[in-house]
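Participant: Below are the structure tokens for one structure; questions will follow.
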Amino acid sequence: MRFWALTVLSLLLSLLLGVSSDTAQCGSQAGNATCPNDLCCSSGGYCGLTVAYCCAGCVSQCRNCFFTESMFEQMLPNRNNDSCPGKGFYTYDAYFVATEFYPGFGMTGDDDTRKRELAAFFAQTSQETSGRSIIGEDAPFTWGYCLVNELNPNSDYCDPKTKSSYPCVADYYGRGPLQLRWNYNYGECGNYLGQNLLDEPEKVATDPVLSFEAALWFWMNPHSTGAPSCHEVITGEWSPSEADIEAGRKPGFGMLTNIITNGGECTKDGKTRQQNRIDYYLRYCDMLQVDPGDNLYCDNQETFEDNGLLKMVGTM
């Protein structure tokens, strides 16, 4: 897994630099040297890319550690419930390392904008991985990140319109925090991340860092339907066109639900799932002490043109 690869990288750097594991690699202990490959330098003078290196005490090439492990645990207290199929898979360190690939995530705009994006991302992913039907009804909206693989998929998610570009050689059911689905999504995401996910989609369900990276790929990038990225919407970087305004599409959390579900939860049939997303979001906004903003619902929004590129399906 890539998380362990980072640890190996740190050890290899020690060998290449001709130092022992007890010899400082960076900082004042090493002549104010910085770490290669943009790694963080810890207070002890060692290079790495986890919280221990990049947050408290970090001396150079540090990361934004506003969203702490404690917050992660408070948001997702039941993810390691014994009944959860994904028990032990999702960790704060894996999330933290994955965000390195997307420096704009949670780092765009003022503090409230950053908080709002974090709340929105974890709300949408909590609904996608909800273990409500497994754990039970206690402690409302604490069921997120219980699932890694889609429960009882009713399709192999091979889109005939894109199979010439992205041949279907496996099953492309939902995996990871945003339950990545469809052959084209695995193909495009794999190309972006330098991974052969079309042949090996199971990597999204076996490598925690890659799993978060795949979710963030969908979140951070605009889509071929003409839909903006979720990141652009929630940070205020997207402004609706005249066509968007006529279609009822407005900036806000509801627009994210429209994008992620391709409008599937903006109808009467999807009302319960849409409300779940909103309730997760309100809980997380309260935890982060930020106003959720306007336009939480997508009821009156038209979907973007369906050319087979956005077909994310929510869970109960």
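Each residue, glycine too, has its Cβ placed from N, Cα and C.
So Swiss-Prot says this about it:
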- GLU128: active site, proton donor (ACT_SITE)
- CYS26-CYS41: disulfide bond (DISULFID)
- CYS35-CYS47: disulfide bond (DISULFID)
- CYS40-CYS54: disulfide bond (DISULFID)
- CYS58-CYS62: disulfide bond (DISULFID)
- CYS84-CYS146: disulfide bond (DISULFID)
- CYS158-CYS168: disulfide bond (DISULFID)
- CYS266-CYS298: disulfide bond (DISULFID)
- 24-64: domain 'Chitin-binding type-1' (DOMAIN)
- 1-23: signal peptide (SIGNAL)
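So that I understand the layout, could you describe where these features sit and how close they are to other parts?
Facilitator: For GLU128 (active site, proton donor), the count of additional Cβ atoms within 10 Å of its Cβ stands at 26 [all protein chains shown]. For the recorded site, GLU128 (active site, proton donor), the DSSP three-state label reads helix.
Taking all protein chains in view, 28 other C-beta atoms sit within 10 angstroms of the C-beta of CYS41 (disulfide bond). In this structure, CYS41 (disulfide bond) is part of a beta strand by DSSP.
All protein chains shown were included, and the count of other CB atoms within 10 Å of the CB of CYS35 (disulfide bond) stands at 23.
All protein chains shown were included, and the count of other CB atoms within 10 Å of the CB of CYS40 (disulfide bond) stands at 24.
A coil conformation is recorded for CYS62 (disulfide bond) in the three-state DSSP classification, outside any helix or strand. Other Cβ atoms within 10 Å of the Cβ of CYS62 (disulfide bond), summed over all protein chains shown, number 15.
CYS84 (disulfide bond) counts 21 other C-beta atoms within 10 Å of its own C-beta, drawing on all protein chains shown.
Within 10 Å of the Cβ of CYS168 (disulfide bond) there are 19 other Cβ atoms, across all protein chains.
Around CYS266 (disulfide bond), taking its Cβ as the centre, 23 other Cβ atoms fall within 10 Å, counting all chains.
Summarised as a single figure, the pLDDT of the domain 'Chitin-binding type-1' (24-64) averages 89.
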Participant: DSSP three-state call for CYS266 (disulfide bond): helix, strand or coil?
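Facilitator: In three-state terms, CYS266 (disulfide bond) counts as coil.
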Participant: On the three-state reduction of DSSP, what should I expect for CYS158 (disulfide bond)?
Facilitator: coil
Participant: Same-chain residues six or more away whose CB lies under 8 A from the CB of CYS146 (disulfide bond)?
Facilitator: ASN78, ARG79, ASN81, SER83, CYS84, PRO85, GLY86, THR129, SER130, GLY131, ILE134, ILE135
Participant: Nearest to CYS158 (disulfide bond) by Cα distance: which of the disulfide-bonded residues CYS35, CYS41, CYS54, CYS298 is it?
Facilitator: CYS298
Participant: By Cβ count within 10 Å, point out the most packed of the disulfide-bonded residues listed: CYS26, CYS54, CYS58, CYS158.
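Facilitator: Answer by Cβ density within 10 Å: CYS26.
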Participant: Provide, as an integer number of angstrom, the distance between the C-alpha atoms of CYS54 (disulfide bond) and CYS168 (disulfide bond).
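Facilitator: About 40 Å separate the Cα atoms of these two residues.
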